[in-house]
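Undergrad: According to Swiss-Prot, the feature compositional bias 'Polar residues' maps to 20-33. Here Swiss-Prot flags 116-128, 137-150 as compositional bias 'Basic and acidic residues'. Feature annotation from Swiss-Prot assigns region 'Homomultimerization' to 14-22; the stated evidence is similarity to another entry. Under the heading region 'Disordered', Swiss-Prot lists 20-41, 103-150. Residues annotated as motif 'Nuclear localization signal and RNA-binding (RRE)' in Swiss-Prot, with similarity to another entry given as evidence: 33-47. As annotated by Swiss-Prot, motif 'Nuclear export signal and binding to XPO1' applies to 69-80.
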Amino acid sequence: MTTREKDLQKGLRLLHLLHQTNPYPQTPGTASQRRNRRRRWKRRGLQILALADRIRSLSDSPTEEPLDLAVQRLQELTVEDLPNPPTSTPTAQAFTCIPPVWDQLVPRSNPSSNEGCERDSCEHRKSPMESSQKDSGSNHRDPQEDQTRT
């Protein structure tokens, strides 16, 4: 571990300790006492942040490694060869094939299947509550029944 990393670790430990020394204030007391405690807590927190900025700026000193070594490390980086792109262009037949996910979809206009009924479906499943209300002789009318009568 380099000295720069050690300094950075020491600074982080110091910041962690500073934040632990400023817990959120307790709740008992009158409203003005609680307000003053929160105000003092916030002011201490701002002071800790200012100290953290100063500590961080101290650790941003120039790196100890020479510029030649940094350039050498950059030169060692390589980019992997990418595979050649496909040369054939898509044809119109490629767009007409149906994806396998869509093969099992049943159109909504199929009256024999009520399994696929969802929110967007035209068909309407009746719940047991609706059927019991009709049996009790309620005055509510189903708009779909009105459409089928005409």
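Here the Cβ of each residue, glycine as well, is placed from N, Cα and C on the backbone.
Fair warning: this is a prediction, and the values are worked out from it, not measured in the lab.
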Undergrad: In the region 'Homomultimerization' (14-22), how many residues does DSSP put in helix, strand and coil?
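TA: Helix, strand, coil within the region 'Homomultimerization' (14-22): 7 helix, 0 strand, 2 coil.
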Undergrad: Take the motif 'Nuclear localization signal and RNA-binding (RRE)' (33-47) and count its residues per DSSP category (helix H/G/I, strand E/B, coil), listing them in that order.
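TA: Across the motif 'Nuclear localization signal and RNA-binding (RRE)' (33-47), DSSP assigns the residues as follows: 15 helix, 0 strand, 0 coil.
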